[in-house]
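Q: The structure is given below, and queries will be raised subsequently.
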Amino acid sequence: MPRGLELLIAQTILQGFDAQYGRFLEVTSGAQQRFEQADWHAVQQAMKSRIHLYDHHVGLVVEQLRCITDGKSTDADFLLRVKEHYTRLLPDYPRFEIAESFFNSVYCRLFDHRSLTPERLFIFSSQPERRFRTIPRPLAKDFFPDHGWELLLMRILSDLPLRLPWQNKSRDIRYIIAHLTETLGEDALPRCHVQVANELFYRNKAAWLVGKLTTPDGTLPFLLPIHRTDEGELFVDTCLTTTAEASIVFGFARSYFMVYAPLPAALVEWLREILPGKTTAELYMAIGCQKHAKTESYREYLCYLAESDEKFIEAPGIRGMVMLVFTLPGFDRVFKIIKDKFAPQKEMSAAHVRACYQLVKEHDRVGRMADTQEFENFVLDKRQIDPALMALLRQEVPEKITDLGEHIVIRHLYIERRMVPLNIWLEQVEGQQLRDAIEEYGNAIRQLAAANIFPGDMLFKNFGVTRHGRVVFYDYDEICYMTEVNFRDIPPARYPEDELASEPWYSVSPGDVFPEEFRHWLCADPRIGPLFEEMHADLFRADYWRALQTRIKEGHVEDVYAYRRRQRFSVRYGAISSTANSS
């Protein structure tokens, strides 16, 4: 093959990535108009479309390369030269880090996820660390309270690009100052200043102002979720100033933000200071660069593995009927493989399970469903696998693993954030912690349902507790849309002996769900039953679920808050308006 072909292929891949990220920015840039027009269904569609862009453009490039090479074989040396040329194109390229991930994706698509070695792929970045730490142009603007905080906040809100009128800007400013005074103290406030990101972060029905609050004691997050009333007027819903609150806002169980980021590495670096607990992968995930986040997640895994002598073990908790789950004892993620054969009561296929996981990836996760990264041909060193887990792998997923002697290759798996299974958590806590967990579980069910998601299997073992105490759903094999379910009341028994019979006295069709039955397994524990009846008894009524279905079918998109209701200004300081209240 002509030697110039390697450069042409490298340029074709980079141009393909340019096209992909250009479309990514184009979809993102429409977020302001969608927010201003309250086109919430378009918000949901844009989210799905943006996720699909990456794989679509990888496919286009792969087809181009097949035409360019004209079906001729390409040996290992040829491929290495392509990567060398590609690497030489990156020093002056502004989105070098994601361009490397795009190269990896094209390679994997071309070669069916095989021969994934550091020589052929960008397992680690080719660029020096300083490129990740450099912010080439200002991403934010500083505001100082030289003439008081009221004027400072007036300038910040007036500088926003939003074209809608404010409902009551002066009132919102008073609320923000009241919160800051309560949090920092009246004496400290004059010695603080704010740095605000140039771009708003859009998600669901809110436009988030993201900033840094510099105080005498350090830097805090400064987050203002801006909403619009039904009449099209803007208001600030709350002010968040702790790293824990910011971590939840940027959490792994939430949809990706729409934020215009032509220099994603610079934005990630800017965000680190107010999100110190987030990994690089989590930050890229939060701003919508989910494929590069997968690259960073794999790098974090490799770094952990290199510094640890731990062995892979089966994950704690009740063994799943569909998924085999394993982990490293000190690692904050789990590895999930679809079993070759499911338990008899699980009447579904592996393809159905994968479709459920893809549904979650594309849907609004409302802070209640864990995000996942999907991997193919995942290699494990057998010396790092506990013998009990190795035996379990051979028993449950023999069709998914290939034994290469010192290593095994797992054909397909998911990596997901590790949490404490809710059933284990409930066994370990008492008092207020128990009450909080039950409240969180019920809230998770409600918020998923309002987002048109029915979990299917609602047992506690299918939910996890995060480090912030939030309850998150993570078992997706029975997930479906709310609108696909037929919620029914159990008919009255015909005779007294009906209730003692082993079979129901009424017909049951596919898709039928009887909420009254939830009580049997959710309230069996005498510590939990009374709490559940107190806080979530309506979940046992079919009419509650049917009412939600009606709202969904009528086109209602519910508000989703990344903070407690009691933190809203309308609750803390007075009503904002009847149209602004959460449903």
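The backbone N, Cα and C atoms fix where each Cβ goes, and this holds for glycine too.
Sequence annotations record features per position, and here Swiss-Prot assigns active site to ASP371 based on sequence analysis. For ALA315, PRO316, GLY317, ILE318, ARG319, GLY320, MET321, LYS336, the entry in Swiss-Prot reads ATP binding site, with the evidence type sequence analysis.
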Q: What is the separation, in Å, between the Cα atoms of MET321 (ATP binding site) and ASP371 (active site)?
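A: Counting only the Cα atoms, the answer is 21 Å.
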Q: Determine, from DSSP, whether ASP371 (active site) sits in helix, strand or coil.
A: coil
Q: Would you say which of the binding-site residues PRO316, GLY317, GLY320 has the most Cβ atoms within 10 Å of its own Cβ?
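A: Of PRO316, GLY317, GLY320, the one with the most crowded Cβ is GLY320.
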Q: Considering each pair of residues in ALA315, PRO316, GLY317, ILE318, ARG319, GLY320, MET321, LYS336, all listed as binding ATP, report the largest CA to CA distance in Å, no decimals.
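A: Among the residues the record ties to ATP, max Cα distance equals 14 Å.
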Q: Per DSSP, LYS336 (ATP binding site) is which: helix, strand or coil?
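A: DSSP assigns LYS336 (ATP binding site) to strand.
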Q: Quick check for the class: what is the C-alpha distance, in angstrom and rounded, between ALA315 (ATP binding site) and ASP371 (active site)?
A: 18
Q: Can you give me the Cα-Cα distance between GLY317 (ATP binding site) and the residue listed as 'active site' in Å, rounded to a whole number?
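A: Taking the Cα atoms only, GLY317 (ATP binding site) lies 20 Å from the residue listed as 'active site'.
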Q: Using a 10 Å radius around each Cβ and counting other Cβ atoms from all shown chains, which of the binding-site residues ARG319, LYS336 yields the largest count?
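A: Max Cβ neighbours within 10 Å, all protein chains included: LYS336.
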